[in-house]
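My questions all concern the structure below.
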Amino acid sequence: MEEKLKKTKIIFVVGGPGSGKGTQCEKIVQKYGYTHLSTGDLLRAEVSSGSARGKMLSEIMEKGQLVPLETVLDMLRDAMVAKVDTSKGFLIDGYPREVQQGEEFERRIAQPTLLLYVDAGPETMTKRLLKRGETSGRVDDNEETIKKRLETYYKATEPVIAFYEKRGIVRKVNAEGSVDNVFSQVCTHLDALK
């Protein structure tokens, strides 16, 4: 299993809130048959499963604390091991959020093939999030909160991008255009992996 994970394509997908990375991940799954793993979704699924690990996570999250890195990695690893035989590769969405997370992932799972950086400017992301807020009812889609989320995102992500740029595996896509325009850039990078 270890060997299989080391040979499979693993793509970290990084982009700010409202950059459109979720949409791009869906399109990649449809076209390339990759498995889309979002740490947020994995955590939520574990909590609602009512497992022992889920109960522990629920308590941590209710206190507003960060879930331990080890737990997140165990969940990612379990999800990858479960799918490694049938998947063409993995999209790890919104991870790593800091350099240490990336290093731990490599130590415990495998090295990423590349980091796809879905890059939209702060004005674009804000506009998209406010638009989404009109229909989503998500409490975190208001201007004040969006500003804070973007600040947090930039502070956390810049060192991660720099870390992987040194290795030459960052592929940046300009996410200002239409969904299809952005996806054609994504395809160029993914097609080059074959």
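FYI, residue positions are counted from 1 along the chain as it appears here.
A Cβ is built for glycine as well, from the same backbone N, Cα and C atoms used for every other residue.
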May I ask you to find which of G89, G177 Swiss-Prot records for the ATP site already listed with G18, S19, G20, K21, G22, T23, R132?
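That ATP site, as Swiss-Prot gives it, pairs G18, S19, G20, K21, G22, T23, R132 with G177.
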Averaged over the whole of the region 'LID' (131-141), what is the pLDDT?
73
What's the most sparsely packed of the binding-site residues K21, R97, counting other C-beta atoms within 10 A?
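With the binding-site residues K21, R97, fewest surrounding Cβ atoms within 10 Å: R97.
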Quick check for the class: what is the C-alpha distance, in angstrom and rounded, between V67 (AMP binding site) and R132 (ATP binding site)?
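Their Cα atoms are separated by 27 Å.
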